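Student: Have a look at the structure that comes next, please.
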Amino acid sequence: MEKMRGKRIRPRDSGELVEDGRSESERKTRKKENDVVSKGRIGRGRGRGEVSKRSIEIDISNPEKDIKPDGSRKCLGSTCHHCKILTSESDLIFCSKCNKKCYCFDCIKRSYSERTHEEVRAACPFCMMTCICRACLRLPLVIKPPSEKDTDVKLKQLQYLLVKVLPVLKDIYTEQNRELEIESTIRGHPVTEANIKRCKLDPSERIYCDLCRTSIANFHRSCPNKNCSVDICLSCCKELSEGFHQERDGKKNAEGKGYECRIPAGQGKDSDAYVPLHFSTWKLNSDSSIPCPPKECGGCGTSTLELRRLWKRDWVEKLITNAEKCTLNFRPTDVDIVHECSSCSTNSDSIRRQAAFRKNAHDNFLYSPNAVDLAEDDIAHFQFHWMKAEPVIVRNVLEKTSGLSWEPMVMWRACREMDPKRKGTEEETTKVKALDCLDWCEVEINLHQFFEGYLEGRMHKNGWPEMLKLKDWPPSDLFEKRLPRHNAEFIAALPFFDYTDPKSGILNLATRFPEGSLKPDLGPKTYIAYGFHEELNRGDSVTKLHCDISDAVNVLTHTAKVEIPPVKYQNIKVHQKKYAEAMLQKQQYSGQVKEASELENKSMKEVDESKKDLKDKAANEEQSNNSSRPSGSGEAEKVIISKEDNPTQPAVSTSVESIQEQKLDAPKETDGNTNERSKAVHGGAVWDIFRREDVPKLIQFLKRHEHEFRHFNNEPLESVIHPIHDQTMFLSDSQKKQLKEEFDIEPWTFEQHLGEAVFIPAGCPHQVRNRQSCIKVALDFVAPESVEECLRLTQEFRRLPKDHSSSEDKLELKKIALYAASSAIREVKGLMQSSRRSDT
């Protein structure tokens, strides 16, 4: 999706092509590109091997030797479908299914090594839809539509959706009625929606609040001046009328109490420069109307903002009335979400996985079915856990697909073939941007080097593992266009299709935007990154702690285990020990920044004396505050870490010895019944997902210890706006243990294996660490069970500073709820009418 600039957005023409700058002669004489596939002896994930170009020499100097005794001409050979090279028939395997395609031994060995010659002869890769030759990668892949649902089942699902969406519709209606009352006071007479001027937008346009960047769904206040186009959402209007903005600004938004509102200055709406808006100069008029912001803040400063609507009058009220009528006789299934799932406890060995060790808890085990065994009625089982906002892990989802290769270079070649801006350059010169997890800085690297490191590993000059994450490749809004076959393969792998189908999922609210309207970018999106089997505690390949505004499903499609030679491994251990010692020294002074800065100007003797005093002081405070810590006081405590201090307290375990014991030993197999989850092996990535109800305590812990986290250039965090939404913190194993000791909360922790789909509920903070090089593909969706949580998160995100990476309302939840209700009501009415006709 095009980056938003200003307040109203029009998408680029989807068919627009950009000239690549080459002349016609250059296009005709472009050198044929090599058919390259990455080395596959290490990678896992549907396709391995490398393709090499072969040529076959055919002697045509003596044409008579090609004539058979009976006078017929010998067949010189056939063309391999994959490499398109003329090959002797003795080196080819012909498909007995289609009787058309054939593959040479070399291509089978290098590109389809997971299949035997007999399997290829029975059904070739082309027939199996797994061929990765250039021609096949360009072919459009038709996705088989899901079977038509039973009318009664579909009706109940739509009614279920309406029941879940109704509370959001009522919130929108209440908010609009409140603004109508204010407008009545301003005008001095009763005002209805018929009296409110309608602002019509093109279906491909969006309108955003100029204060909080929230998408405007219907009612808003707008400047009537033709030369000014300031728009403000109802939430900001409410806060302005209550004096909220005059009291709150600056860093107070880090605590969720307000935000420093910013609007464009200088060049007007299209300016990238934002200045703080001081509300002391922007006050309500005496009649409670809101004046347009002053010129220095992007407005005209002369007009009064007028109430506007985007839709037909009384549309929201009619939606509520119709939704209530459609669900009048609907009775949702009674679900006991307080106790443990009876289905999981009955089939404990096959469909659940232990992910936490909380005492007296019913949610330590996660629902983890096998995709191959899923039946249609399992959707109710999924709903039970989704209502409780519990993650779900579905195993073996790739078994439902055709088996198309997810090798990184196969994906790259497919992406290149579909690129309209393709210039014909060789892959060795193709540059991409990646993030170095050591300092979180952007680096430029060519694709071959990146993917070689993906398979074989990369090291910094000092021997420390280099962990890179490919940044936005292919672009998230182009995944379906650039990788159509991989997109179809991913969609086919998704379980619980009613929720996850991005086009027509009946319980995916995000699918119900009107045709031609500008839809939010919900993926699919690829995440390609290196990994290391142990936690390094420095420069790990991680996705830092964050919270998604919508539900999401993440599928691990490919892994590659990098083998580290013993000599290099020992070198890593040496560097780990040195780093742990250095960190230990720094942490001994990090309890109070003020005291530490004063110590910097003292002599070494004074430093040593002060160091001892600080240790004693911290030890006394720790002993006296042990009982009060779980209460979650907002004051930061002095935490001094040392191997000699308080050895019986396991909350702090960052000494050199403990780090060596926990992180440097080779991982061992675990049966999952002991609290050694970080030592489990063979998984591609380790997930930590926190419960929604634990978020307040988690935030308190992060604020208390924010000085212990590092981000850019591996330096301590300079400022924290929001400890979760900033996405700058990652909890190590020792910090998770400390969190458990101080606040008695722990995440669900589990490993994601190849072919597993992880479902993450909206509002659950989570973090991920790669244990191997991984390719993951993720998709966002909006489930009926999560719609109220999504709305709450929207309100939380809008309080962030305007230049914050999470402040933009990318989901447009209110629009989604309105469109979903409108669409579902139409379908329910149609089904009910059809049912009446059939009865008569």
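Any Cβ shown, glycine's included, is placed from N, Cα and C.
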Student: For the annotation zinc finger in Swiss-Prot, which listed range does it cover: 80-127, 128-175, 368-415?
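Tutor: Comparing 80-127, 128-175, 368-415 with Swiss-Prot, zinc finger matches 80-127.
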Student: How many Å lie between the Cα of CYS98 (Zn(2+) 2 binding site) and the Cα of HIS546 (Fe cation binding site)?
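Tutor: About 50 Å separates the two Cα atoms.
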Student: Applying a 10 Å Cβ distance cut-off over all chains shown, what neighbour count does HIS766 (Fe cation binding site) have?
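Tutor: Result for HIS766 (Fe cation binding site): 22 other Cβ atoms within 10 Å.
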Student: Does CYS124 (Zn(2+) 2 binding site) have same-chain partners at least 6 apart in sequence with Cβ under 8 Å from its own Cβ, and which are they?
Tutor: HIS81, ILE93, CYS95, LYS97, CYS98, LYS101, CYS102, TYR103, CYS131
Student: Would you list, in sequence order, the residues of this chain other than HIS546, ASP548, HIS766 that have their CB within 8 A of the centroid of the site's CB atoms, where the site is the one recorded for Fe cation?
Tutor: THR543, LEU545, CYS547, ALA552, ILE760, CYS764, PRO765, GLN767
Student: Which one of these binding-site residues, CYS80, CYS95, CYS98, CYS104, CYS107, has the sparsest Cβ neighbourhood, judged by other Cβ atoms within 10 angstroms?
Tutor: CYS98
Student: Taking the mean position of the Cβ atoms of CYS95, CYS98, CYS124, CYS127 as the Zn(2+) 2 site, which residues outside that list, in the same chain, have a Cβ no more than 8 Å away, listed in sequence order?
Tutor: SER96, LYS97, ASN99, LYS100, LYS101, ALA123, PRO125, PHE126, MET128
Student: Could you put numbers on the helix, strand and coil content of the zinc finger (80-127), residue by residue per DSSP?
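Tutor: Residue counts for the zinc finger (80-127) by secondary structure: 16 helix, 8 strand, 24 coil.
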Student: When you measure from the Cβ of CYS127 (Zn(2+) 2 binding site), which residues in the chain that are at least 6 apart have a Cβ under 8 Å away?
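Tutor: The list for CYS127 (Zn(2+) 2 binding site) reads CYS95, LYS97, CYS98, LYS101, given in order along the sequence.
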